[in-house]
C-alpha cells in the first residue's frame, strides 16, 4: 500500500477542511496514488473516491438536562460551590437590580398620579438609603402613607366642619341676644313714654 500523504493534503486544501476529515477509498488506492494535482483530486472527489467526513456529533442533550436541573436548584449544594457567595452572585449586582426595580415602581406610580412628586422624592431617598427590602414592602408603605394622608384629611375636614358649625351657632346666639336687647330697649322706651 502506497503512502497517500500528498493526496490527503491536496484533498484537504480542495475540500477546505482538516486532513482528519478526508476519507480516501481503501479499494481505489492505486488510482488515488496517481493523482498528484488539485485538478486530479477534484476529479476523484467528483467520482466519490475522496469524501469529506461529516462533523462528529457533540450532543448538548446532557448539558441541557443538567442546566434545567440546576434551575430547579439541583447540583448546587455546599459541595458544588467553589467561589465565595459574593463571587457567585455579587452584592453590587443584587443591589443594582433591587434599586432598578424599586425606582421603576416609584416612577410608574408618579406617572399614573398615584403619588405626588414630594412623596416620590422622599421615597426615592428612602429607597437609596436601603429602607425597603423589596417591592412588596415599598408598596405596603405607599398604601399606608396614602391611608394616613386620607385619614388626616378626613379629621381636618371634620374639625373644619365642627369649627364652622360652632361659629354659625355663636353667630345665631349673638343675633338672638341682640334681638332680645332691642326688644327690651323698645319696651322700656314705651313704658317711659306712657309715664310721661
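Each residue, glycine too, has its Cβ placed from N, Cα and C.
Panel annotation: around the compositional bias 'Basic and acidic residues' (159-181), no residue of the same chain lying at least six beyond its termini places a Cβ under 8 Å from a Cβ of the stretch (none). The feature compositional bias 'Basic and acidic residues' is assigned by Swiss-Prot to 159-181.
Its Cβ taken as reference, residue 181 (SUMO1 cross-link) is surrounded by 10 other Cβ atoms within 10 Å in the chains shown. What Swiss-Prot records for 181 is SUMO1 cross-link.
DSSP assigns residue 5 (citrulline) to a helix. In this chain, no residue six or more apart from residue 5 (citrulline) has a CB-CB distance below 8 Å. The citrulline annotation in Swiss-Prot covers 5 (among others) and rests on similarity to another entry.
In the three-state DSSP classification, residue 13 (phosphoserine) falls within a helix. Per Swiss-Prot, the feature phosphoserine maps to 13 (among others); the stated evidence is similarity to another entry.
As annotated by Swiss-Prot, citrulline applies to 16 (among others). For residue 16 (citrulline), no same-chain residue 6+ apart in sequence has a C-beta under 8 angstroms from its C-beta.
Residues or ranges marked as phosphoserine in Swiss-Prot (evidence: similarity to another entry): 164 (among others). Remark: residue 164 (phosphoserine) has no non-local neighbours by Cβ distance under 8 Å and separation of at least 6 in sequence.
If you look up Swiss-Prot, you'll see 187 marked as phosphothreonine. In the shown protein chains, 10 other C-beta atoms lie within 10 A of the C-beta of residue 187 (phosphothreonine).
Positions annotated as region 'Disordered' by Swiss-Prot: 158-181.
Across the compositional bias 'Basic and acidic residues' (159-181), the DSSP tally of helix, strand and coil residues reads 23 helix, 0 strand, 0 coil. A Cα-Cα distance of 10 Å separates residue 181 (SUMO1 cross-link) from residue 187 (phosphothreonine).
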